Each structure stands twice: as C-alpha cells, then as structure tokens.
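Q: Sending over a structure as structure tokens; questions will come in a sec.
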Amino acid sequence: MPARVASKKTASPPAELPAQRRRRARRIIAHLQERYPQVRLPLVHRDPFQLLVATILSAQCTDAMVNRVTPELFRRYPTPQALAAARIRDVEKIVKPTGFFRQKTRAITSMSRSLGERFSGRVPLTMDELLTLEGVGRKTANVILSAKRLEPWGGRQDPADGLGIVVDTHVRRVSQRLGLASTDDPEKIEQQLMELVPRKEWDAFSLRLIYFGREICTAKRPMCLSCPLNRLCPSAPFGGNPPWMRRRALARRP
C-alpha cells in the first residue's frame, strides 16, 4: 500500500505586531497633520456653556444642523440660569430639528439647572465634575476638555482634567478601518487609541480623524482609490499592501 503523502499547508501571513502597529500609527498621524495642519471644533460656540449645550444636541445629529439651531437658542437663553428657567415647550420647539428633542430638552435644561445650583453658573472643567451633569458622558466631557486646551477661552492644561480622546461616530469608524481599534465599545476604542497616539496629540488627533471621516473615509462609499492613507490601511483592497493587510481587506469585501 503506497505511503500517504502529507499535504503541504500554506502558512498564514503573520499578523501585525504591536510595534508595527505603533509605527504605522505614527505615519498615519504624520499624514493627518500634514493634511489638516489647523483644526477647530466644528460646533460653533463662544464659551464652555454654549459648547456643552451644542455637544449634547449633537447626539444622533449633524454638526451642521446643530449650528443652525443654536444661534436662536442662545439668543433667547444666553446663560445657564436663563435656560434652566425656560418653558420646556419653547425649548423643544427650537431644538426639534436635532432629533430626540424631548430627551435633549430635558438634558440641557436639567444640566443648566445643575450648573446654577452646584457650580455658580459655570461649566466645571474637570472630567469627574463634568460627568456628574445630566446628559454628559465621557465623549461629551472629552469634547469640553479638548476645547479647553484648543480654544482661546481655555488656554491651559491641568493634570486633573482627566485627559482622553474624543470618540464619536467618525473616530470610531475611521479608527476601526485603519486597524487602530478592534472593538465597537467607544471607551475601549479610546483606550486603544491612547496607547498608540502620543499624549500631546490626543486633542488634535480626534479632530483630524473627524475631518478625514467626513472628507474621505465616509460611512458610505469611502474614497479608497484616492485616499492618502490607502497604503497604511488594512481595509483598502490593494495588492501592494503587506499580506496581513490584504487578508483583512479581502475578509471585509461583501
């Protein structure tokens, strides 16, 4: 009886090592810095209170729509005290275009009441205090603290801030496609990005990912062919990429 010949198994291409991922992340950061040298928060605001309200309204809504709604809202209710005392029905009418308007109205009026009662009408600028406010989660708090370091009204860093990275829908989508995050949990994505991105870049990096997600790496029909990061992206189906990237890109095809 002839001897059985063992079939040869093709070895799978090696996965990306942590050190390789860190080097790739640095190259991605450099590309984004070059493409977007100056970044600003897309929500129009003049002070921390306006930004806090606008950020709460931005949940499940575009920044463009929020920016259309807030001028009238802040014209009628320019301070936390004024918004806290507003008639719920009047506020709902203004913020209705942002969606979930009843929940958002309750959140911003309750938050404004807390600012007046517990913080003398001022927005607290530490993570722990921000998280005690109605309607404020870690993402919203990170937006405020990032603005504190980026906007003229902030202008300082404080180790007590509780530094972090803003993870919104664009940051989540782009970081996953770029292979910088491997989970759907926003807080876990934040932790993974914080391990890859230098601390001094945290604030601007999230804004650059947002810009990039709106311009190129869109939710539908991302512009992979013209993407400046396609040679660094494991989701881009290009033959010139390393084997582990090609394998992941093929797995993502419909």
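Even glycines carry a Cβ here, placed using N, Cα and C.
Sharing the features that TrEMBL gives for it:
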BINDING   Cys217, Cys224, Cys227, Cys233  [4Fe-4S] cluster binding site
DOMAIN    57-215  domain 'HhH-GPD'
REGION    1-21  region 'Disordered'
Q: Let's check the environment of Cys224 ([4Fe-4S] cluster binding site): how many other CB atoms sit within 10 Å of its CB?
A: 17
Q: Enumerate same-chain residues with a sequence separation of six or more from Cys217 ([4Fe-4S] cluster binding site) and a Cβ-Cβ distance below 8 A; give 'none' if the list is empty.
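A: Expected: Arg173, Val174, Arg177, Met223, Cys227.
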Q: I need the neighbours of the [4Fe-4S] cluster site defined by Cys217, Cys224, Cys227, Cys233. Which other residues of that chain put their C-beta within 8 angstroms of the C-beta centroid, in sequence order?
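A: Once Cys217, Cys224, Cys227, Cys233 are set aside, the remaining close residues are Arg177, Ile216, Pro222, Met223, Leu229, Asn230, Ser235, Ala236.
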Q: Specify the count of other C-beta atoms within 10 Å of the C-beta of Cys227 ([4Fe-4S] cluster binding site).
A: 20
